[in-house]
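What Swiss-Prot says about this one:
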- K13, L14, S15, G16, G56, R60, N164, Y170, D173: ATP binding site (BINDING)
- 21-26: region 'Involved in allosteric activation by GTP' (REGION)
- G55, D75, I136, G137, N138, P139, Y140, F141, S142, T143: UMP binding site (BINDING)
Amino acid sequence: MAQTSKYKRVVLKLSGEALAGDKGFGINPIIIKSVAQQVAEVAKMDCEIAVIVGGGNIWRGKTGSDLGMDRGTADYMGMLATVMNALALQDSLEQLDCDTRVLTSIEMKQVAEPYIRRRAIRHLEKKRVVIFAAGIGNPYFSTDTTAALRAAEVEADVILMGKNNVDGVYSADPKVDANAIKYEHLTHIQMLQEGLQVMDSTASSFCMDNNIPLNVFSIMEEGNIKRAVMGEKIGTLITK
């Protein structure tokens, strides 16, 4: 019996740290293969999937800025880090015979296609996995904001936020506070008012204004992407 997706089109947001695994830096080949297998499994269902990968496993713009670098330069370096991650994920997906396209906000024709909204949608309609890289092409904006913007542009039904060190949204850091409560459901306004660190406030406000749901869950548990796509109750669901 064919497995049915709850959503027609999803955006999967992965932090760069999720690809690093326990090492905290670089790309862990075991982790990226696991993520690719999960994404490929979803792509075979009746669900179109786009992926946005952060670059924190290689470089963080804020880190460079804190060290005295020009913030714009540091952020552009971070965008290039996301391209490295995107190409690594594309390679892992193509090894699984999963048709994949990388689209970058900064033009680099030799390695990827330039981001064009209509082209991205067409790739999704053709059941290709689309990986968005290089953020939105401007400094001062996070990859969380990229996920929110691209989800609105391609009219995704939900943003799936795969985390590497937490299995949902908590009232406090569960590693520090033993009394921290895990939320099964939140609203965007609650998330903003309570200062819950799901994504930055720019991205959170954008999701609220454009009525984009979020599902926050652990990427480290095998099969969780598929479970989220099928509508199983995992992690924390955030809606308007």
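Any Cβ shown, glycine's included, is placed from N, Cα and C.
Here the features listed in Swiss-Prot are painted onto the structure.
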| residue | record | Cβ contacts under 8 Å, 6 or more apart |
| --- | --- | --- |
| K13 | ATP binding site | V51, I52, G54, T143, D144, A147, I159, L160, M161, G162 |
| S15 | ATP binding site | G54, G56, G162, K163, N164 |
| G55 | UMP binding site | G16, G78, M79, L80, A81, T82, M84, N85, T143 |
| I136 | UMP binding site | S105, T145, T146, L149 |
| N138 | UMP binding site | none |
| Y140 | UMP binding site | R71, G72, D75 |
| S142 | UMP binding site | G135, M199, D200, T202, A203 |
| D173 | ATP binding site | A180 |
With Cβ-Cβ distances below 8 Å as the criterion, list the same-chain residues six or more beyond the ends of the region 'Involved in allosteric activation by GTP' (21-26) that contact it, or say none.
57-58, 164
Helix, strand and coil totals (DSSP H, G, I; E, B; other) for the region 'Involved in allosteric activation by GTP' (21-26):
3 helix, 0 strand, 3 coil
Other C-beta atoms that fall within 10 angstroms of the C-beta of G56 (ATP binding site):
23
Taking the Cβ of N164 (ATP binding site) as the centre, count every other Cβ atom within 10 Å, in any protein chain shown.
19
When you average the Cβ positions of G55, D75, I136, G137, N138, P139, Y140, F141, S142, T143 for the UMP site, which other residues in that chain have a Cβ within 8 Å of that mean position?
G61, G78, M79, G135, T145, T146
